[in-house]
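Below: one structure, written as structure tokens.
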């Protein structure tokens, strides 16, 4: 069975894709009757050398994405993974010649069909008196022994577009550009790796891999590589790739050694996420620098793809200052990244963290709660939440991803670790503020953010006083902040239901003569009743709000956890006779 693709038709997909690129880019025009894209300002290039490239479609943004001032003049596109026809290549050569250019350089990847078709078109154009030269790019470092067909042309071709484009923009002649580019093209190598193959529209995947395998040294047309290896951490995979590319026993190695300066391309072959691409880029830069290699520039993104192939290729080009100047030259090509003209290696990448503001003197524990009791309370809360881990996870599976208990347990263990450090617990405001930071950093998820908001706001009133009315005010402040940013309200089947119920009881602390334990006892009972009542509520916030109410027949785990926290506080204070 063929794979699914977003196309109008298999036959017309290459035409439609190029038409879409031109329609959305005012700097491009289609050549009538051909699958050719040209610069729309072609007539301004009189007296300059034109640069044409191309090949099969399916490698986007290559090659048409690199048309622009300072790069390509035009591109001839074939069908998916198929060389463009001779007639279209010749038409493109004629078009740029008739616009007044003084010669055309064809930049061609080393594939048999491309060499034949571009070569034939070049010979026909020369027979018509047009000045044309061709550079064949061979940057594949996968094969370790010489093959008759030579090396494949891969993502390094994009760097040749850039270098040649900069030289043409300087006004250099065709013969000199050809010589310079031919030399530079021999200083680079590319190696790819993929998690699976790709599929041409209307066809199945080109090869199959086991679930734990990846393909090393594959090409950009879905063809298999030189070796299959087991999936491993990115650092190991990138190390293997760099070792293979720079191994002197490999006839096609890149002569990179300590002290070398390189341009690095981390190229998405089509199906990798940006997250994965960033991880690979970090590994490649770090590992190259660890070998004493200076990474002068790093290009990270999609430059030459293989449809939806979930893989990456690494390209290394040895550079000196003159070549780097060509890489840095301005271009209007849409697919070329905007890069600072600053070396990657040697640049300061980490900014010092901001300093904590000096802490103002704050009120110490009052209201009958000592620092010793506070430590006992926190410890009991932690053991309670750890003990509830599986129960809370079970409740969460009906409406979430089943990790509510694990999230609370993780927070509890983080607090236990902090308590072992022997922190000062004399200032409730400082304790709540520190807990807020701890939960934001270690608890994670929405719960960590909500508790962080609650504790940060609750700490503010306690900076001045810590009597019972202020503890009630702290509860109010925490709930207000939680509602403001969490957008939940009482009755929405969240942890807020338990917290709100307790807060209503805490209002009694604002009355003269109120006692700690009687009010806290009532608050705990109200919180537990509110948590139990959530099983009859329709969720109005959180992930559970996307679940049918018919499926929600258990209490909300967040509300249960909040009620359990109040119960733990009460039990400790009762034991301590607060």
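Cβ coordinates come from backbone N, Cα and C, glycine included.
The annotation domain 'DhaK' is assigned in Swiss-Prot to 9-336 on the grounds of sequence analysis.
Per Swiss-Prot, dihydroxyacetone binding site is recorded for 56, 57, 58, 59, 109, 114. Around residue 59 (dihydroxyacetone binding site), the same-chain residues six or more apart in sequence whose CB sits under 8 Å from its CB are 220, 304, 305, 306, listed in sequence order.
For residue 221 (active site, tele-hemiaminal-histidine intermediate), the same-chain residues lying six or more positions away in sequence with a CB closer than 8 A to its CB are 56, 58, 81, 206, 306. The active site, tele-hemiaminal-histidine intermediate feature in Swiss-Prot is assigned to 221.
For 372-571, the entry in Swiss-Prot reads domain 'DhaL', with the evidence type sequence analysis.
Sequence annotations record features per position, and here Swiss-Prot assigns ATP binding site to 401, 402, 403, 404, 446, 447, 486, 494, 495, 556, 557, 558 based on similarity to another entry. Residues near residue 403 (ATP binding site) in space but far in sequence (CB under 8 A, at least 6 apart, same chain), listed by position: 393, 396, 445. Residue 403 (ATP binding site) falls within neither a helix nor a strand when secondary structure is assigned with DSSP, and so counts as coil.
The phosphoserine annotation in Swiss-Prot covers 511 (among others). According to DSSP, residue 511 (phosphoserine) sits in a coil region rather than a helix or strand. Sequence-distant contacts of residue 511 (phosphoserine), defined by Cβ-Cβ distance under 8 angstroms and a gap of at least six in the same chain, do not exist.
Per Swiss-Prot, the feature phosphoserine maps to 545 (among others); the stated evidence is similarity to another entry.
Each of the binding-site residues 114, 401 was scored by the other Cβ atoms within 10 Å of its Cβ; the lowest score goes to 401. Within 8 Å of the Cβ centroid of the dihydroxyacetone site, not counting the listed residues 56, 57, 58, 59, 109, 114, the chain contributes 54, 55, 62, 63, 77, 78, 80, 81, 82, 83, 220, 221.
The DSSP secondary structure for residue 109 (dihydroxyacetone binding site) is strand. With residue 401 (ATP binding site) as the anchor, the candidate binding-site residues are 57, 109, 114, and the one with the nearest CA is 57. It is 48 Å from the Cα atom of residue 486 (ATP binding site) to that of residue 57 (dihydroxyacetone binding site).
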